[in-house]
């Protein structure tokens, strides 16, 4: 629970004649994280012979699946059935729907392309539709040519005037209120007309090939367009039917061949000779017997070794926490896993993060609202790994929030007595006639609250240093002693400042200075000059916990302002009815802001300040070679 699961390193020596079957067994049981191995005198492994063929078939099947999903949309469907690899290849090769889909898809592409061309042609012809009776195919002769195009309205009269000056050398045809014109001219005057058109913003319209009278062309285009669209619907329907009938088979083939591909490719991590393979990997310690049972099936053709490893090798990390700690395990995994030899901080987070959160929010009613919002968000984001775990942290943290709310006597910014009066104003029943107790009101005890926050920080950091010493003791006793010396610095601060605050006798000041000097000397010996330089900065680490008080008081101020200026009373009549939902919504918003801030600040103190005192991180994720791959 406080350490990752015990891991074992295993080595398998297996004859090539049985390696495929052994790989299949290891893949199905999914317990070994196979790592790349290299031994002197042995070659690096290469994927099995089937790998290239399987990869090629997979590419074809994935292309077919893309066509099917484009036709019917992506669907989760049922879990694909895994088929034997060789059988899957034979089935894929004989899949008739593949060629059928390719042809249908090609026809769909051709139809779409033709429809797009026809629609573009239709748009062009519609521009010149007012020339409906002019046969454009007969306009260009050996001596006569034409241009048809658009002219900016502002330049149309200028262009017409310029063309008129050419006399009979050109003829302009246009409709009233249209800026599209048709110009007929003798080819020998083309060099004179071209600059005139260009200067006046003439923009040629490119007519379709075989352009005749526009009214005839538009009719032909419409007929062909209707035919192509009708055919497209038929082809798409055929594709849909073929896809629906075969998509599950294709998915099963892909899943089966991906399994086969993984099995063929994993051999590249082995070392090999002419007759055997050597592979190494990590397993969870308790799974060793299961691996032994598999290897025993192969008799003398496979041999299993339990390989010793030391601190020079770092096994993958598998966290070992109860289900209750799952949201905190999410935090651990999100900010660098502990390495195998380190203490797992998850259970410490499970206690510290909600406690710090509770100290910040510290309100009974806000704790209840926090729990209700958390339950709502957990339901809404049930499938979201991040949001579900964050919401669960909020749920856990609502319990200490209620506890500290009782300590601070805060009920949505009111004392329990004032809250009972508020309820009594609306119900007519006074629940209390005098306070049951007097809590530690944060607004009236700011210095005490800051002191408690800093004290909490010192305890939190001291636990971190103790964990750091335990982490380092078997690895580097020098570093472990340094961690203990930092606790000495904390103790020295308490002894030196305690008398100044009236908490300890004056004689303790000298004792504090002595402890400080001894601790700094030890830090200098164990960590060098860098450690000594960090001593003044350590004060900042401690003082950063004062944000618990600061952020919490900010929330109290807002809650009290809401109560002072917006609290509805029955004597206000209709205004009170309007103000009730406003009052509730604003308190819920203030609660949500407090929840967010408390999570951020509590998380920061745990991850930045606390975690850094004992955890190096950098743990390797355990990824077993499994039929359905999973990270643990």
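These residue numbers are counts, starting from 1, taken along the chain as shown.
Note that Cβ sites are derived from N, Cα and C of the backbone, with glycine treated the same way.
What TrEMBL says about this protein:
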{"type": "COILED", "residues": "94-128", "note": "coiled coil"}
{"type": "COILED", "residues": "218-245", "note": "coiled coil"}
{"type": "TRANSMEM", "residues": "347-378", "note": "transmembrane segment"}
{"type": "TRANSMEM", "residues": "390-408", "note": "transmembrane segment"}
{"type": "TRANSMEM", "residues": "446-468", "note": "transmembrane segment"}
{"type": "TRANSMEM", "residues": "480-498", "note": "transmembrane segment"}
{"type": "TRANSMEM", "residues": "510-533", "note": "transmembrane segment"}
{"type": "TRANSMEM", "residues": "545-562", "note": "transmembrane segment"}
{"type": "TRANSMEM", "residues": "574-596", "note": "transmembrane segment"}
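Most Cβ pairs under 8 Å with the transmembrane segment (347-378) belong to 574-596, among the candidate stretches 510-533, 545-562, 574-596. Scored on C-beta pairs under 8 angstroms, the neighbour of the transmembrane segment (446-468) with the top count among 390-408, 545-562, 574-596 is 545-562. Counting residues 6+ beyond its ends, the transmembrane segment (545-562) has Cβ neighbours under 8 Å at 356, 359-363, 366, 410, 412-413, 442-443, 446, 449-450, 452-454, 456-458, 460, 583, 586-587, 590, 593-594, 597-598, 601, 605, 609 in the same chain.
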